[in-house]
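Quick notes on the structure that follows.
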Amino acid sequence: MISSLRGTVLSASGGAAVIDVGGVGFAVQLTPDHARSLRVGDEAFVHTTLIVREDSLQLFGFSGLEQLQVFELLNGVSGVGPKSAISVLSVLSPDQVADAVAAADDAPFRAVSGIGPKTAKLIVVSLTGKLAACRRPSAPSARRPSAPSSVSDSVLVALVGLGWPEKVAGEAVAEVIAGTAESERDSVQTLLRLTLARLGPANQAAR
């Protein structure tokens with residue numbers, strides 16, 4: 001299973017990109033907004049899931065773990081394939097999907113091209129109670145200083161990859177951001193080091 005890619009963007013347009021990883025170009029299906037955010041020649045990191053069918057292999061890429069998790073839940077709903085799942089995420093954020101399901105409101109899904117009334121209702125019913133883990137961690141108080149979202153997001157992904165629960169990692173990142181000077185939290189390496197120091201071996205052992 002290809003769970004993520006990090007490499008150089010060779011092309012990006014519409015809802016797709018090609019990312020060069022070690023000399024191999026991977027074609028990845030993305031939301032249009034995600035594809036537009038990529039720049040040819042820049043390094044990109046995407047979370048991925050591979051959809052295997054009898055006649056094709058398709059790699060879908062996502063900017064965050066929450067988006068990937070929602071995609072996989074949507075793709076598991078009867079009548080919703082990967083194309084419709086990525087269409088939903090092209091219109092709605094993971095939080096908006098969770099809010100609509102929590103409110104038993106199928107209107108946002110009916111507004112997505114390719115999703116009919118019956119499928120929209122089925123999405124709401126099928127995903128009820130399954131989306132709590134797909135929400136992003138609460139942001140720090142507005143009175144607290146913040147790190148650039150790309151920096152804090154990258155650190156959060158790294159910590160989750162190291163085995164910390166996303167909630168624990170998110171809280172630790174927020175605490176470090178709130179308690180350090182801007183110059184000490186303006187890079188992924190520095191913020192990650194400070195957050196790991198705060199979590200400490202005792203915290204890791206307690207997980």
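The backbone N, Cα and C atoms fix where each Cβ goes, and this holds for glycine too.
Over the region 'Domain I' (1-63), the average per-residue pLDDT in this prediction is 93. Annotated region 'Domain I' per Swiss-Prot: 1-63, in sequence order, evidence recorded as sequence analysis.
Swiss-Prot lists 64-142 with the feature region 'Domain II', giving sequence analysis as the kind of evidence.
The annotation region 'Flexible linker' is assigned in Swiss-Prot to 142-146.
The annotation region 'Domain III' is assigned in Swiss-Prot to 147-207.
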When the region 'Domain II' (64-142) is classified with DSSP, how many of its residues are helical, how many are strand and how many are coil? 48 helix, 0 strand, 31 coil
